[in-house]
Amino acid sequence: MERVTGIRWYAALRSCFPILTWLPRYNLTWLKMDLIAGLTVGLTAVPQALAYAEVAGLPVQYGLYSAFMGGFIYCIFGTSKDITLGPTAIMSLLCSAYIGGDPVFAVVLTLLCGVIQAGMALLRLGFLLDFISYPVIKGFTCAAAVTIGFGQVKNILGLKEIPQQFFLQVYYTFHKIPEARVGDVILGLCCLFFLVVLMLMKNSLGSSEDDAPLLVRSARRLVWSLATIRNALVVIAATGVAYSVEATGHHFFSLTGKTAKGLPPFKAPPLSETEANGTVITFSDITKDLGGGLAVIPLMGVLESIAIAKAFGSKNNYRIDANQELFAIGLTNIMGSFVSAYPVTGSFGRTAVNSQTGVCSPAGGIVTGVIVLLSLAFLMPLFFYIPKASLAAVIICAVSPMIDFRVPVQLWRVKRLDLLPFLVTFVVSFWEVQYGIVGGVVVSGFMLLYTVARPKVKVSDHGVLLLELDSGLSFPVTEHLSRLVYKHALHASPPRCLVLDCSHVSSIDFTVVHELTELLKQFELNGVSMIFAGLKPSVLKVLLTADLPGFRHTDRVDEALQLLTSINHYDPLF
């Protein structure tokens, strides 16, 4: 008995701390692969974190503040070996709409986002994500990619004072093209060119055959590795060029500028803010200003991360625990708020790099976190010379794969009506990203409710009338069902007997039972009969308990049809 209890306790402990499932099997081979993967992802994460902070409207160091905590927390609580948590393009764009470039608002949002996500995990509310449909997700990601990508054009051109709102951004970007800085344009286009070339090289090498000579395979592996860390290579090269030019006293490029030095202090997140004029913004004021972001950002963060974890779990033959993932993300955000991070989620690009380089466990995230911490500790002064055009090129190349032109075509071929939530989300997201998501979810919800309220009902004549229901009976269906029964049976001349095929009905509620009671009374008053066929035991039990007047049922539809065609329709028994 004690042994069984001990096993149960250990199983419960492993479900709470997934690290216990893989740590006892850890070996030197895994350590080697995790070191390589963690280092590769770290060299990708540093330049991306700097760039995504720009998207969020924050100083670049906040991107690095957000990029290391996930590796340590997720290693203990995460269930996917591949996923990496940190700042992403979409999360940065969402945050920019709520924090207004204020680091205090960003940190408070991170704390509240983590509390909400962890609370959802403890209450097992992960199922709420099921109500965000694929067309809504794709419409949002496509619009976000366009918004983020175009938002970086101003940095490629070296333009200043461009509004954040998308349509105004488009207008003023084109309006101010004559003010473009030649140095930024040339450097930005060169960075884009090299990033695209390296990305194409990596994609082409991904399909190389393994039977090539050893020297050729080694060369391919080297090129593939360099292409994988292309962001770091391009940013380092651009920084070197900018530093050399600045050293000569010329200012050809728009630079990142002054950044905070060293590691962020580990301290409780600020719950209020004092402005320069002495005005105190309280915690309640901050939460009011964050508004809908407290719903949109936690949900989208979890959705993005779990979708990535499921995709790579399926690809690499392991399963994840969605609620445990939800808890890991929430705890990462809570702890991140203590080091001035803004909200994080799973990154598809960095997770793909992690998987492709052969990571064996979540411990690879620790190596990535260490790389980011070392960058904060020793490289911050050098980040002053990073050209904004190079970071813009990194962002544009990172978000461009998110624009998938095949999605509308696939939706058109499979179910054209699904284009509606996709288009609503896509179009409205250019106005305000959060409104696009809400609009798409509302449209998808109405479409779902319509299918529940108006199920397909096949009406056929077999001497007596047969109504075949293709789904469950719930309260929105009652009016529709009554209308069909009255139209085809009770209001017919003369009134018709009816067989109601319920073989596909697995549930029923009180509103439907009440309506069926009224219908049976009307059949009795009109001297005709209604028989239920194919009732499942759970539904039959409810109807028998309700004691419906004149209730009759058979196991099969053909039995009900034979019974009604062989009896006197005006028999008072029916």
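Every residue gets a Cβ built from N, Cα and C, even glycine.
The transmembrane segment feature in TrEMBL is assigned to 35-53 (among others).
For the transmembrane segment (59-76), the list of distant contacts is 17-19, 38, 45-46, 48-53, 83-87, 103, 106, 110, 256, 259-260, 264, 328, 331-332, 335-336, 339-344, 362-370, 372-373, 375-376, 380, 383, 386, 391: same-chain residues at least six beyond its ends, Cβ to Cβ under 8 Å. The transmembrane segment annotation in TrEMBL covers 59-76 (among others).
Residues annotated as transmembrane segment in TrEMBL: 83-99 (among others).
The transmembrane segment annotation in TrEMBL covers 105-123 (among others).
Taken from TrEMBL, the feature transmembrane segment covers 135-153 (among others).
When Cβ-Cβ distances below 8 Å are used as the criterion, the transmembrane segment (182-201) is approached by residues 155-158, 223-224, 226-227, 230-231, 233-234, 237-238, 241-242, 245, 252-254, 387-390, 392-394, 396-397 of the same chain, each at least six residues removed from its ends. Taken from TrEMBL, the feature transmembrane segment covers 182-201 (among others).
Using a Cβ-Cβ cut-off under 8 Å and counting only residues 6 or more beyond its ends in the same chain, the transmembrane segment (222-245) has close neighbours at 40, 43-44, 46-48, 50, 183, 187, 191, 194-195, 198-199, 201-202, 205-206, 251-253, 255, 353, 356-357, 382, 385-387, 389-391, 393-394, 397-398. Residues or ranges marked as transmembrane segment by TrEMBL: 222-245 (among others).
Residues or ranges marked as transmembrane segment by TrEMBL: 293-313 (among others).
The transmembrane segment annotation in TrEMBL covers 325-344 (among others). Same-chain neighbours of the transmembrane segment (325-344): 53, 56, 58, 62, 65-70, 73-74, 77-80, 85-88, 91-92, 95, 99, 103, 106-111, 113-122, 126, 264-269, 297-298, 301-302, 305-306, 309, counting only residues six or more beyond its ends whose CB sits under 8 Å from a CB of the stretch.
The list of residues near the transmembrane segment (364-384) in space but at least 6 beyond its ends in sequence, with Cβ under 8 angstroms from a Cβ of it, reads 33-35, 37-39, 41-43, 45-46, 49-50, 60-61, 64-65, 67-72, 74-75, 81, 84-85, 239, 243, 255-264, 354. According to TrEMBL, the transmembrane segment annotation covers 364-384 (among others).
Here TrEMBL flags 391-413 (among others) as transmembrane segment. Sequence-distant contacts of the transmembrane segment (391-413) (same chain, at least 6 residues past either end, Cβ-Cβ under 8 Å): 47-48, 50-52, 54-55, 60, 89, 135, 138, 141-142, 144-146, 148-149, 152-153, 155-156, 188, 191-192, 195-196, 199, 231, 234-235, 256, 349, 419, 422.
The transmembrane segment feature in TrEMBL is assigned to 433-453 (among others). Residues 93-94, 97, 131-133, 135-136, 139-140, 143-144, 147, 292-293, 296, 300, 417, 420-422, 424-427, 471, 474, 476-477, 480 of the same chain, all 6+ positions outside the transmembrane segment (433-453), place their C-beta atoms under 8 angstroms from a C-beta of that stretch.
Residues annotated as domain 'STAS' in TrEMBL: 463-548.
The stretch in 35-53, 83-99, 135-153, 293-313 that contributes the largest number of Cβ pairs under 8 Å to the transmembrane segment (105-123) is 293-313.
Tertiary proximity for the transmembrane segment (83-99) is limited to same-chain residues at least six positions away from its ends with a CB under 8 Å from its CB atoms, namely 41, 45, 48-49, 52-53, 55-58, 63, 66-67, 69-71, 73-74, 105-106, 109, 140-141, 144-145, 147-148, 164, 289-291, 293, 296-297, 300-301, 304-305, 308-309, 312, 328-329, 332, 342-348, 350-351, 354, 364-365, 368, 395, 398-399, 402, 432-434. Broken down by DSSP into helix, strand and coil, the domain 'STAS' (463-548) contains 42 helix, 13 strand, 31 coil. The average pLDDT the prediction assigns to the domain 'STAS' (463-548) is 86.
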